[in-house]
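Peer 1: Below is the structure I would like to discuss, written out as structure tokens.
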Amino acid sequence: MNSIYISSKISRLLNSTPIFCFRHKCYNVATIFCPNCQEAKYCGRECQLTDWLVHKRDCETSRIDCKDIPLANDDFINQFISYFDQTFANYALIANHHLSKTFDKETIVFKIHSEVVDQRFKFSLLEIVKYPVLYLSNSDLKNNPRMIRAFQVVQQWKVSKSQGHEACLFTIFELVNPLDEELRVFSLGQSFSIPLIYKLLEKHQAEINEMLNVNTTNKLYSFKVESTIESIYTGGKVDLVNDFLLTTAGDAVNILDLNDSTRREIKDDSLVTCFATTKDRIIIAFQNQLLKTFDFELQELKSYKVHEAPVLVMDTKSSLVATGSADSTVKCWDIEKGHCTHNFKGHAGIVSALKFHPSKLILASGSDDCKVRVWDLKKKSCLAVLDSHVSVIRGLSFSGDYLFSGSRDKVINKWDMDNFEIALTAPTFESIEALEIVQFNDALAVCTAGESGVIKIWDYETGELLKEQLKDKNNSHEIASLIYNPNRDDFQLISVTSDQNIHLFDLKDSKIKRVRQIAGYNEEILDMVLTGDDNHLAVITNTEQIRLYDVETKNCNIVYGHSDIVLSIATSFDGKLLATGSKDNSAKLWGIDLDSETQLENTASFVGHTGPVTAIAMSKLSNRFLITASEDRTVKFWPLDNLTDPKVADGSLLGVFKGHKRGIWNVKFSPVDQVIATCSTDKTLKIWNIRDYSCIRTFEGHLNTVLNFSFVSTGLQLLSTGSDGLMKLWNVKDGECVGTFDNHEDRIWAVAVNKSESMVFTGSSDSTISIWRDTTVEEQEEKNKDEDARITKEQDLNLFLKRKDFKNALILALQLDQPFKILTILNNVLSERIDKESILGSTSVDQFFTSLSKENLERVLTYLRDWNTHSKHARVAQLVLGLIIKNTDSQKILDIPNSEQILESLLAYSERHLSHATQVVKENYLLDYTLERMDALI
């Protein structure tokens, strides 16, 4: 569409005033000229718009032509504004042209582009916002933030009527997929009425909301933490009982339900050194040499001291638990009775491994003295010392009449338990950290893991390597332990890595298939973005890994690719691509396929920087380019049209924004306005005009560095995070902080908001990801309910006063927390004195004050304290106070919080009132004496 159409009714309304030419910023009769047929019989003053549209359909091209004459005067502009203010029944349909003209008082600004909608009418003195008009373009509605803003304004039009409100006026000129036939008429450019537009809006509100997928509330004001993703493992023992995974985290043992990812914990004042489990007990050893027994309801059952040094390894069998300590001793304990049954001495070093025989009363222990000792639990003696390894023993496992031992000397030994001789020695070519006997390919096999970070399975009889796990690219971790459970169908083997991650493997079908990953420790969370349909959260921590969390289930997929710490991350506008920048001086592009096993696939690498890539961004309208910034002080522009050989495009500096006093941490463009926002170490956020590079507004309120932020409410608000561990919500228009939210213990580096703005994710240096839910609507509804209840109570209160039902009136006034209303009621009761014998003038009122609950008594005493400070209200205060003291138990008063301060204040002013009353009585004596003598004289 390359023509300008002007409704004929405007020209008829303005009588002889020439039509304004929006192309050349002049006013004259605009002649619509068709170069295809060379006919110029249609003009904006005389012809109907529909006539021209009928003709246009027969011609391939059309354009407008006019004569250049002086600019429109103020009279024309005033008439034009007056027309919109009076009727607003028709409109000017404008496309593919741009006009910007500003006036002192009434301001009209048109900004029209063919694809990106940037049309806005601003009126400072006229409330044009009463009449916003729906606009539907042929661009992708889901990815057009200006369209979202338009719909929000349309939905808010009844609320926003204040002067100076920035309203959006949009015209309907084309619709690719019309919502119904009535809207199709508007795509032809015919005139329409405002009531019909709102009728259509109501009819198609659900489709519009679904199409835009936006939060249609006015603004955000409140968030609550719905859940958190926390570190569950910081090193140490890991075990599996049924569907529960138990992990060590500092001074706590976490119990993670593998089905729904819910977590419980057993916490103590001392660090956990080790733990063991039975089917119904959890036995935990602490650094203070205490051994405590808990059930799975987390109730502590027993506690006793076990060794002279911390317990490092444990194993259980039936009601026995074996403990190996740094004091070189091995002890066995009765779990139920809580006493020591065996105390074995003989090792010359720290005990590093323990294993009960599954069917015999035999216990094997390994130590850093490189020896394995076999203990007879019946005879309470050492059966044999197995001396073959030359390094610390790390793994022991019984299988029938054999004992397998693994050591850091890179060999597996198979010991015959009949003669305690070596039956087999198999080299592993790596230091062994864990060893288990597993079922693999329908036969027994030996499973080991260690410094290479991969699982290896060896033949039970020959010691040959049967299977080796595929190593992840740039994987640098080791495997610290293995847990084998043959009774599960989904996985049978668990590996625990040195970087505190837990991997679950399926060993069926002769494969080592990783089926699930659990991030045990998140390190310091640096940044994160939402991907896909906002159902997955890509997180980068102080590691070389990318962690992809399922928002609903909290399951985590750990992706390897970079060789050093990942510093920056960004996602494409459609959520199908992910870009990362790393300390290895490179950037990578990842394709997202959430249905695949890996979920992320490295599709391209960008090499060219000579320093760490500290910032990265992708195009917001298409997947055409990628921008990276590095510590080498360069910014590189990478076109994505040729991923096999990515090249850098040249760029030039357009402008510099100056105003921050210290370093800048983040920069983002507004989704709707031509401004950018920045956050800085100087504790402020600033908004800048990208045309003249001036600072428009500064936001102050954080107590420390502002590290990150995000535009929300379609650019109307900012959500910021800082080193003070706080998240703040700001209004862009006035710079007001409308909310402060606290759930982190350290600086918040990362913030991400989903498209509907119903969820906010924050990541902190405390290794915690907080998931916040927008509760603005719920709190507003609750506030409305409270307001309705308050109004109802006030109506009932007035009704009771009218009926002179003072007791019920006092009850409602107390519930509404209206001390002045209570004071007024008491004055009325005292003045009317319905019951002459009553202290306050009404027996029911007296009963009300003598039967107050503890909470209401505290509130009434607070009122009395305030009333008692003023001599005008002291009489009422003293009467009520006397009534309460005489008829209320003194202990009930003393049990009130702050009762001492309240009573001291009452006592001080009561003494003052008593002194004043005494003085008045003394003065009355003289008056009475004088009057008496005067009577005598008369």
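Including glycine, each Cβ sits where the backbone N, Cα and C put it.
Caution: TrEMBL annotation is automatic and unverified by curators.
What TrEMBL shows for this protein is this:
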type   : residues : note
DOMAIN : 23-59    : domain 'MYND-type'
REPEAT : 304-343  : repeat 'WD'
REPEAT : 344-385  : repeat 'WD'
REPEAT : 386-425  : repeat 'WD'
REPEAT : 559-600  : repeat 'WD'
REPEAT : 606-642  : repeat 'WD'
REPEAT : 657-698  : repeat 'WD'
REPEAT : 699-740  : repeat 'WD'
REPEAT : 741-772  : repeat 'WD'
Peer 1: If you average per-residue pLDDT over the repeat 'WD' (386-425), what number do you get?
Peer 2: 94
Peer 1: Who are the chain neighbours of the repeat 'WD' (304-343) in space, where the CB to CB distance is under 8 Å and they lie at least 6 residues beyond its ends?
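Peer 2: Distant Cβ neighbours of the repeat 'WD' (304-343) are 237, 273-278, 281, 283, 285, 287, 289-291, 293, 349-356, 358, 363, 365, 367, 373, 375, 377, 380.
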Peer 1: Cβ under 8 Å, sequence separation of at least 6 from the ends of the repeat 'WD' (657-698): give me the contacting residues as numbers and ranges.
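Peer 2: Same-chain residues near the repeat 'WD' (657-698) but 6 or more away: 145-146, 149, 620, 704-711, 714-715, 718, 720, 722, 730, 732, 735.
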Peer 1: Do any residues of this chain, six or more beyond the ends of the repeat 'WD' (559-600), have a C-beta under 8 angstroms from a C-beta of it, and if so which?
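Peer 2: Apart from its flanks, the repeat 'WD' (559-600) reaches 143, 472-475, 526-536, 538, 540-548, 606-607, 609-623, 626, 628, 630, 638, 640, 643.
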Peer 1: Kindly report the helix/strand/coil residue split of the repeat 'WD' (657-698) according to DSSP, in that order.
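Peer 2: DSSP composition of the repeat 'WD' (657-698): 0 helix, 22 strand, 20 coil.
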Peer 1: Would you mind splitting the repeat 'WD' (304-343) into helix, strand and coil residue counts from DSSP?
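Peer 2: DSSP classes over the repeat 'WD' (304-343) add up to 0 helix, 25 strand, 15 coil.
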Peer 1: Based on DSSP, tally up the residues of the repeat 'WD' (344-385) by helix, strand and coil.
Peer 2: 0 helix, 25 strand, 17 coil
